[in-house]
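Copied over from Swiss-Prot, here are the features:
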TOPO_DOM  1-108  topological domain 'Extracellular'
CARBOHYD  ASN13  N-linked glycosylation site
DISULFID  CYS14-CYS50  disulfide bond
DISULFID  CYS40-CYS83  disulfide bond
CARBOHYD  ASN41  N-linked glycosylation site
DISULFID  CYS64-CYS98  disulfide bond
CARBOHYD  ASN74  N-linked glycosylation site
CARBOHYD  ASN86  N-linked glycosylation site
CARBOHYD  ASN94  N-linked glycosylation site
TRANSMEM  109-139  transmembrane segment
TOPO_DOM  140-146  topological domain 'Cytoplasmic'
TRANSMEM  147-171  transmembrane segment
TOPO_DOM  172-185  topological domain 'Extracellular'
DISULFID  CYS184-CYS254  disulfide bond
TRANSMEM  186-214  transmembrane segment
TOPO_DOM  215-221  topological domain 'Cytoplasmic'
TRANSMEM  222-249  transmembrane segment
TOPO_DOM  250-265  topological domain 'Extracellular'
TRANSMEM  266-291  transmembrane segment
TOPO_DOM  292-302  topological domain 'Cytoplasmic'
TRANSMEM  303-327  transmembrane segment
TOPO_DOM  328-334  topological domain 'Extracellular'
TRANSMEM  335-364  transmembrane segment
TOPO_DOM  365-411  topological domain 'Cytoplasmic'
Amino acid sequence: MDAALLHSLLEANCSLALAEELLLDGWGPPLDPEGPYSYCNTTLDQIGTCWPRSAAGALVERPCPEYFNGVKYNTTRNAYRECLENGTWASKINYSQCEPILDDKQRKYDLHYRIALVVNYLGHCVSVAALVAAFLLFLALRSIRCLRNVIHWNLITTFILRNVMWFLLQLVDHEVHESNEVWCRCITTIFNYFVVTNFFWMFVEGCYLHTAIVMTYSTERLRKCLFLFIGWCIPFPIIVAWAIGKLYYENEQCWFGKEPGDLVDYIYQGPIILVLLINFVFLFNIVRILMTKLRASTTSETIQYRKAVKATLVLLPLLGITYMLFFVNPGEDDLSQIMFIYFNSFLQSFQGFFVSVFYCFFNGEVRSAVRKRWHRWQDHHSLRVPMARAMSIPTSPTRISFHSIKQTAAV
């Protein structure tokens, strides 16, 4: 049957009596079919709810749909839609009161999702605190601002910005999400930009180590501006292309309502997967060189490289696995899906904390610089206290004051 004909038949089944019942309940003025734009015509929305002919200016209520997307809903609650003064239906329909009726399995999953959300919030809060502390340490310790630590600093910065944007995304409510507001789409775009910069700075980490160890190229000759361009500038046109694709092909739900792995999303997910694969190649070569050539070496530079490689070996698979999990089917059984929910939530939310620990708090240069700064502060403080006490002691016949010394020197 033709879709338009089927839709017309369904609309015909929307009874005019329902609209008259609304009027009897006091929802609007009497219908005047002869008057211009005095009522809204009977129509069906995209969900399939029947909206009967209603008077202009009336707020019409209809029972929530019994089923939608295979989920059963509570039909004792109502959805609302306004018939505008010009005789047209408002495009926005209020389904906020409609709640699904959950069976035991759905209730169990709902509970696990709520717990996973708490884990997400906790992990992001811990990560932001650790990342900000690491950022301030790199900012304060100017003595360790070599190229390697500048790269760490930028990676930490991307995680801070990404986590902040994640919190902003959580503020988007269902109505804003469905109405596809411009500011909501901007938040999604900025969030995805920082996601891409995240992985490109991980690529810069791998590129730096590969250049220094495998290619035996002097790190002093590497240009910081080149790495800054790779980490911050290259992701920009990628996200612009993704935003254009979303605008023309999937301009709905604030641009993050689709399932992971959607075709338009591969515009930015593809480069991320590519740099992850390149980083794995880099690390394979780095480990091979360390195993063959640097095993017997004990120089301080080599030790630093080894520590950096260990950190990257831990972090890169960790970050790569958390991202690639979105493309993995956890399985049909309940245990696999529940484990997937918790495992993914934990790694996604705490990865900023792991970055701070491996690249800052466990960084030997950072710890040494902090100890030196602390000892310097202690020495400075311990010198000031005795001097202040000496200045506060009154002069006596048995002691020579600072004032008397000046007078003696003058004579």
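Glycine residues also receive a Cβ, built from the backbone N, Cα and C atoms like all the rest.
Overlay of Swiss-Prot annotations on the structure.
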| residue | record | Cβ within 10 Å |
| --- | --- | --- |
| CYS40 | disulfide bond | 25 |
| ASN41 | N-linked glycosylation site | 14 |
| CYS64 | disulfide bond | 19 |
| ASN74 | N-linked glycosylation site | 13 |
| CYS83 | disulfide bond | 26 |
| ASN86 | N-linked glycosylation site | 10 |
| ASN94 | N-linked glycosylation site | 15 |
| CYS98 | disulfide bond | 18 |
| CYS184 | disulfide bond | 21 |
| CYS254 | disulfide bond | 23 |
Discussion item. Pairs of Cβ atoms less than 8 Å apart decide it: which stretch in 109-139, 222-249, 266-291, 335-364 has the most with the transmembrane segment (186-214)?
Written reply: 266-291
Worksheet item: Rounded to the nearest angstrom, how far is the Cα of CYS254 (disulfide bond) from the Cα of CYS98 (disulfide bond)?
Response: 21
Response to the item:
Between the C-alpha atoms of ASN74 (N-linked glycosylation site) and ASN86 (N-linked glycosylation site), the distance in angstrom, to the nearest integer, is 32
Worksheet item: Taking ASN86 (N-linked glycosylation site) as the reference, which of CYS50, CYS64, ASN94, CYS254 (the recorded positions) have a CA within 10 A of its CA?
Response: none
Discussion item. What residues elsewhere in the chain lie close to the topological domain 'Cytoplasmic' (140-146), defined as a C-beta under 8 angstroms and at least 6 residues from its ends?
Written reply: 219, 365-366, 369-370, 372-373
Worksheet item: Restricting the comparison to the recorded positions CYS40, ASN41, CYS83, which residue's C-alpha is spatially nearest the C-alpha of CYS254 (disulfide bond)?
Response: CYS83
Response to the item:
the topological domain 'Cytoplasmic' (140-146) resolves under DSSP into 4 helix, 0 strand, 3 coil
Discussion item. How about long-range neighbours of the topological domain 'Extracellular' (172-185): same chain, 6 or more residues beyond its ends, C-beta under 8 Å?
Written reply: 92, 94, 96, 243, 246, 251-255, 257
Practice prompt. Determine how many residues of the topological domain 'Extracellular' (172-185) DSSP places in helix, in strand and in coil.
Written response: 10 helix, 0 strand, 4 coil
Worksheet item: Could you tell me the C-alpha distance between CYS83 (disulfide bond) and CYS50 (disulfide bond) in angstrom, no decimals?
Response: 13
Worksheet item: Over the topological domain 'Cytoplasmic' (292-302), what is the model's mean pLDDT?
Response: 63
Discussion item. Taking DSSP as the reference, which of helix, strand or coil describes CYS254 (disulfide bond)?
Written reply: helix
